[in-house]
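Under the heading Zn(2+) binding site, Swiss-Prot lists Cys108, His111, Cys179, citing sequence analysis as support.
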Amino acid sequence: MALSEAAQKVQAALLERGLETPMVPCGLSREERKDKIEQHMRAILGLMSLDLTDDSLADTPRRIAKMYVDEIFSGLDYENFPKITVIDNKMGVDEMVRVQDISLTSTCEHHLVTIDGTATVAYLPRKKIIGLSKINRIVRFFAQRPQVQERLTQQVLVALQALLETKDVAVKIDAVHYCVKSRGVMDATSSTTTTALGGIFKSNPATRAEFLHQPR
């Protein structure tokens, strides 16, 4: 299936900026990938001494394969990029558009455990405006990949800059990393904040402060 114009534009912008997730061509269909992942997960679980003949575990390798391809890593495939509605700014909107408390669940690419958090996204309309729900969908698309939070934040920024044809975009993500919470240091209370600021959000202290410190 051919990629949408929006998907191609976003992918090209990320590649140009060196911000694309490290990926190599697979050459397999979605179902072929599921079959391969299922086979490997069966081997991994067997090496962990789990009895895959038990009715509770028998379908686990297939469940994991479907979850990886269709759900939590679906953002690796640009065929899943959301349908985007960008329209001309005929109303002349020139004040900040801000969407906050966007829920996101991603996966740490170092340990493949959960990243759980929220995003705040804002832009100053120029020539184009975007349907508000599309901002949430773009955040979700890039979250559905193995990620590091810093790259995720930048990817959302660059995607919106490319689609809206303006640098005036800002993104902030607050998240809990389960690679910190459930293993290693096992810190259950810390969280991580990352920001990506473009255009006037970076160059103008007042606009930056309005974005970063606006009351909830």
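Yeah, the Cβs are placed from backbone N, Cα and C, and that goes for glycine too.
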- Message: Can you name every residue in this chain, apart from Cys108, His111, Cys179, with its Cβ inside 8 Å of the center of the Cβ atoms of the recorded Zn(2+) site?
- Response: Thr107, Glu109, His110, Leu112, Val113, Ile115, His177, Tyr178, Val180, Arg183
- Note on the structure: Within 10 A of the CB of Cys108 (Zn(2+) binding site), the number of other CB atoms across every chain shown is 18
